[in-house]
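Features reported for this protein in TrEMBL:
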type	residues	note
TRANSMEM	A:7-27	transmembrane segment
TRANSMEM	A:39-60	transmembrane segment
TRANSMEM	A:110-136	transmembrane segment
TRANSMEM	A:145-165	transmembrane segment
TRANSMEM	A:195-216	transmembrane segment
TRANSMEM	A:574-600	transmembrane segment
TRANSMEM	A:612-635	transmembrane segment
TRANSMEM	A:641-663	transmembrane segment
TRANSMEM	A:675-694	transmembrane segment
TRANSMEM	A:706-728	transmembrane segment
TRANSMEM	A:740-762	transmembrane segment
TRANSMEM	A:768-786	transmembrane segment
Amino acid sequence: MGSSFFIRLLFSIGLLSVSMIAYQLSLMQYLSIVQWYHFAYMVIAIALLGFGGAGTFLAVFRKTLIRKIETLLPLFMALSGIFMPLSIWMSGQPFASFDTYLLFVEQKEVWRLLLFELLFFVPFFFCALAIGMIFIKYTGRIGQLYFSNLAGSGLGGLVAIFLFWTASPGQIPFITGVLAILSSGFILPSKKRHWWIGATSLSVITMLFLVLHSPLRLEVSQYKSLSRTLDLPDTKIETSENSPYGWLQYVSSPVLRYAPGLSLSYTGDIPVTDAIFNNGEWAGAVLNSTEDSEILDHTTSALALEIFQPQNILVLNAGTGIRTQYYSRHGVSQIDNVEPHPLISDFSTETVRFGENVQLYQQDARSFLAESRQQYQLISLPDIGTFGGTAGLQAIQEEYLFTTDSFSMIFDRLEKDGMLILKVWMDYPYRNPLKITASFAETLDKKGINDPAEHLVAVRSWNTITYLLKKNPFSDSEIQAVRDFCDRLSFDPLILPGISSAERSKYNSLEDESLFRLTDQLLSGDRKSLYRTYDFNLRPATDDRPYFSQFLKWKNFSRLQELFGDQSASFFELGYLIVGVTFVQSFLLAIILIILPLFLLKRRMKNKSWTLLYFAGIGIGFMFVEIVLIQRFILFLGHPVYSVAAVISAMLLLSGLGSWLSSNLQMGLGGIQKILLIIVGILVLYTFGLPWVLERGMAQGFGVKVFLSLVFIGLPAFFMGMPFPLGLRYLSEKNEQEVPWAWGINGCFSVLSTSLATILAIEAGFSVLIFLGAVAYLITMSSCFIKRRV
Amino acid sequence: MKISFYILWFFLYFFFFASGQDKYERDRQQMVDRQIEARGITNKATLSAMRKVERHRLVPKEQVKNAYQDRPLPIGHGQTISQPYMVAYMTEIIRPGPGMKVLEIGTGSGYQAAVLAEAVDEVYTIEIIESLGKSAEEKLNKLGYDNIYTKVADGFYGWEEHAPFDAIVVTAASEFIPPPLIEQLKEGGKMVIPVGAPFTTQHLMLVEKKKDGKWKTKNLLPVRFVPFTRN
């Protein structure tokens, strides 16, 4: 092999890796737009499935593939690139178009989901096949090749973020596809070279043409709010812009109106508004003028201003700025408007400009709370839930602003007589209002307040409840002001010091009194028994389990099915059930695509148990740690995209570096055990210490945070990259025939662990999950002990 | 020979067509017996309407086989046709009867309008999505309903020319109740609003406008969730 060819090979594999990771991240964004964000973890599982399937394919057809490598290598790279946009295009065609919302309505959707996964599997499969062939063919120079692969993967995360800022979601798959096709251009075969050059150039030109003139059309689910809004007459998208925070659309309509939970006593006009959508989901209404915000005077949101006149207000996750406009209209002299999404602020402030009393911060709310030392008279939080309920799609979404840790920080930012205000949409059976009451009660408990009922007020309309939490107990005059407010607008108090049973349903009666009874029980201190006995999970969210909207208790699901019917019960927690379905499907696919073909090899197995324990442990441990780190760094870096990009890139790069270094180490099982012990030690330390470190680091600037992220992600990743190649080398020395099985087992368990990790994080929390990761590595270590003794 | 061939076809056609019709008729009666009456709907006008309206002729083609199942069905545009029991429950609540005039906001498939039309004198129904509104109008005309008046418009404003209404059914609820709808409700009239994400109607809101023009809302639970039954 000439040095010129080898250099080209290094470029080729590096560029292919860039394109693959950028594609993986863009696929996550694409699926978040056309469906919901739940598929981010499915994409990781599909990528692993592609790599596992390719490993098995390579093991079965190794001789043929290596013999024809000159032709097949560029072909597979090009196919990987072509299938990047093609698989997305096919997934939007009527025969394949899947809709999350119909998963438990139409049986065929289960098969469509399977087809969906298989379509996205194809580009990963071809890419992994090409990389695997290179590694096998040029084993002698594996170190440099491996480094190029990992450096490319690391760079892929940055390229994805660049593309999110500069290209639309319909263009990005073509761009990553072009990069993959170009990677094949470095290593075209010498035979029929002109034909190859022609075919490659034609593919690239076609893709570039499509990028500019016919990007992929995004077939957004008909149940997403963007699709439903665009069905309204004369409603259109005025402008769209992409960013790592999401794909944003500004929509104008003559029939959209904003008056959430309006009092029925109101008889005036209701303002027509525009709206902003992020990834196809409602991000907020945009008022045409600040005066339009006065409509909030006739909703429960007016509660705070009704009983006191704050002079400085913090508005967290301010969205399109309606709450800020409302407070500004009422003459508040200082308002800090904190919104993490830069485009949402930009789009909404183009329509209505804020006055000089408003200070805009483009920052994640938790980071702002960690950094700011200012005290506020009022802190306003975004609404919880949506009108009519959410169908449980938020169940697995991290909501770090609604954890007890977050409420505790907010409490500390309040002035002595300061208040927190929050609106919750009513649901049935009652979940959101009860969980928020429990969260406030626990927060006050943590602050040493014995009687939370003295510090809480809640007012109910027919469809919303607005809560006020006050640092000091409410005064008699404030309590009277709440009563007057309710009488004037026909609302009913739900929580109020000295409340009577009759005044709780004077204007808006409920069919039974369970909401009142359960609310009182949560405030009375007998919370734990209610958490145990209620059919839904009411335990407040914490930073360790930040799933505020997760209510399902699996053991009660059959009761809900009996009561509400199979179909309706599924919509209590659709998001969580989807994770369960993808777990089962990816398990089946892993068996079919990775494990079953290995039986074709018919080889003698001497180290069956050790191979299973060792490589399954590594597969599970690595993915558990990766998922925990992604979750932990969402809060730390302030956004899921940054977290996913940082964790995937840093883990690939540093674990690759570890693998590369380990290839120079002459090490037996004893040496491997020591490395595994280091990993277990780090993970146990992380179980208890990482949250503490990250909490203290949150107040730092973004640059420092990125540096800290690389250190804390890179440290375990470096060591975690070693056991796999060391184990493979050990196995190949003992019995090379078992190596494909080791690949297969590792791939299969990695695929499974992705969905399993999400389920465990919800049920047990991140600390338990990372601890289980340590246990998995401990099992791998134990298998070495057993092997040595045998 | 040719004539006997035609006669054979004639009989075969009617045999299959009639048996198909019988099947839907049978399914519909079973639906009322098992899903509606058995769950406590007792209003005679409602039960009679539910027995008459051919639900399978108002759902999209691919949903015909599911028409009489105990669940909501997708009808496109992110909309659903409600579960038969919910339609019956909402109809019963407004106490339908002769001489009544009802406004429906959100025609959707046209099924709720058809059920109401069997039990009251006049039904006015408004749909904002043009394709849904036109399709429902066509189907309702084919079914021969001459007491249903349809229009494609923004339901926010109600239908002022025909106000006041004895009852208003808001099947396409929004985050607020438009003030014009309250105004167009007769004193003593009822407005009913199902609340829930698609496929999941979980509770109903009833607005009663009293004789003095004041109102009161009541949350109604078609499916009653009772916590703590295990204890």
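The chain as shown is numbered from 1 upward.
Quick reminder: no glycine exception, Cβ is built from N, Cα and C everywhere.
All annotation found in TrEMBL is predicted automatically rather than curated by experts.
Residues 43-44, 47, 77, 80-81, 84, 88, 120, 123-124, 127, 130-131, 134, 138, 144-145, 148-157, 159-161, 163-164, 169, 172-173, 175-177, 179-180, 182-184, 186-187, 641, 644-645, 648-649, 652 of the same chain lie 6+ residues outside the transmembrane segment (A:7-27) yet bring a C-beta within less than 8 angstroms of a C-beta in it. Between the transmembrane segment (A:740-762) and the transmembrane segment (A:641-663), the number of CB pairs under 8 angstroms, six or more residues apart, is fewer than three, so the stretches are not in contact.
Between the transmembrane segment (A:612-635) and the transmembrane segment (A:706-728) there are 3 or more Cβ pairs closer than 8 Å, counting only residues 6 or more apart in sequence, so the two stretches are in contact. Between the transmembrane segment (A:39-60) and the transmembrane segment (A:574-600) there are at least 3 Cβ pairs closer than 8 Å, counting only pairs 6 or more residues apart in sequence, which means the two stretches are in contact. Listed stretches A:110-136, A:145-165, A:195-216, A:574-600 were compared with the transmembrane segment (A:641-663); the greatest number of C-beta pairs under 8 angstroms is found for A:145-165.
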